[in-house]
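A quick write-up on the structure given underneath.
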């Protein structure tokens, strides 16, 4: 590496504090959004290279270490928009190796091979899923209609609607008394069995199923079958939740759970937030039902106390 420190003469010491400042600037580039733009990375790397030939030869070693961290943080995510940044990182690493940081080639090569192998395995899984060779979904013990979580990480196979409805009907116990919610023909139960949904989402649907059933049952028992609360609970079950799930299922399967849509949230994150809101709304309905039933219980208690409380006779003087 050429040494041009003689150009500065008695001011050659100034390159060392400047190298520290340039190193901080380099970190602020490669670990932020600007690191995705090769021009910014090349500019920051060029400043460090210039300071290195002017006498701050040590600066290439911490800079090479930062490049290793930047490469690891982007290579294993396998996102298409990270490819220009990875090329810029590799070019900068090559420059620093020529300037004395030759040690970086070994950890960089290992990480590159691991990232390449991971990308090949992920591509193989996607191809197998597209050909219909994915790992078959194994059913777990049923609860409230059954919840086969399947195999995480693999592209699940779609289950025909007729089969899901048949499974939902077989899972429900027979009862002589009619329920306020006819689960045998309820499409909400089929949503819980849809293998295209993540396991966390199906768990939320099971909880929402139980809560809406409980709310509708108690409202009917209190004679509020046509009330606003009953209408809201039924609409959550029959319209709001299915609409949210349907909008999620329209997203591309390979990107729905990994690509942010808004505010860094993926389609899966947005769906889970919506189901949480619906669960909170149903819980509020149950709380109001509890308070209503509690008032009736308190009124009856006061009636019994007034009727059967023993009045002590006045003391004789």
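Even glycines carry a Cβ here, placed using N, Cα and C.
Per TrEMBL, the listed range annotated as transmembrane segment is 44-73 (candidates: 44-73, 134-163). Of the given residue ranges 13-32, 173-192, TrEMBL assigns the label transmembrane segment to 13-32.
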